[in-house]
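For reference, the structure is listed below as structure tokens.
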Amino acid sequence: FSLNLAADCNAVLKALQPIFQEQGMTETVHNWEDHGYLVTYIKKNGSFANLRIHPHGLVLVDLQSYNDDMKGREEVDQLLNKVEERMKELFHDNIKRVKRLPAILRGGVIDRYWPTADGRLVEYDIDEVVYDEDSPFQNIKILHSKQFGNILILSGDVNLAESDLAYTQAIMGSGKEDYTGKEVLILGGGDGGILYEIVKLKPKMVTMVASNIDQMVIDGCRKHMRKTCGDVLDNLRGECYQVLIEDCIPVLKRYAKEGRMFDYVINDLTAVPISTSPEEDSTWEFLRLILDLSMKVLKQDGKYFTQGNCINLTDALTLYEEQLSRLYCPVEFSKETVCVPSYMELWVFYTIWKKQTDI
């Protein structure tokens, strides 16, 4: 409750006391004089409520209880309704705002809470754990969402859902490129989505290097993300593609040494780091190394596609763009912002190409 006037802490306490006492809750009052009251109410079953009254006009009620049935949740709602009614009786038109947050379910069999890239906590409509395994490199989860389908989550980071064709299309150039007869290199992309979409476009050859050398990601997606990857992960070699379960850096160095060149390089590895210290962060060093090696295997008229990060992380995106001026060859770039459904945020994608020099 946010009030238009100072709160009489004692009056608020006396008004709300009967509601909690009716529940058989034991009361403990902490009074900090100029800093208001903290009142705790504890029930015999372990449920408890904290009532925090700030003199400047903010009243907070936090209720925690163990309820695994509809009846228990209804009892909580009824108690909070009584608190709201009593506060309105006490302050009438002097309540500026009443905000009731939905319950956070702790310790559930299914974890529904995952952070966005910019630090907001999102509650997904997860109703099933489809796959949950630890590889030598990371934790791999595939969870089912009612609206997004199966979602791939790697070490707590939401990677891709079956709903997220917009992501795959954006990192391929948003339908503006002709892949027919072209040589394509994909870095990462273990979910198989990019490979599946490019193979449809009749390329000459697509080479996908799964940088984390994690066969378990490919195995999990092949079985549980088929709306994303189709059948391309059923075999690591097809008529116009091959999947290498190797570290991409030695592969890139080998290709550069051999003089092998690609029309397109698509980097679906880690996103732009959130760190604001690129000179001290090993992730930034990895990113710059990948960029330089990719430019060495990219044809002069080729294009390099990659994801950036959430549009709200402007400092990180600016730092990334600064790194592009430090590559061994001059480059130019463009970017677009796309709404990726399961991310619940706008995501930035980059197109990078070698700068054409006048002869």
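Backbone N, Cα and C atoms are what each Cβ position is placed from, and that goes for glycine too.
Per TrEMBL, the features are:
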DOMAIN    112-354  domain 'PABS'
ACT_SITE  D268  active site, proton acceptor
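When pLDDT is averaged over the domain 'PABS' (112-354), the result is 93.
Cβ neighbour count for the residue listed as 'active site, proton acceptor' (all protein chains, 10 Å cutoff from its Cβ): 26.
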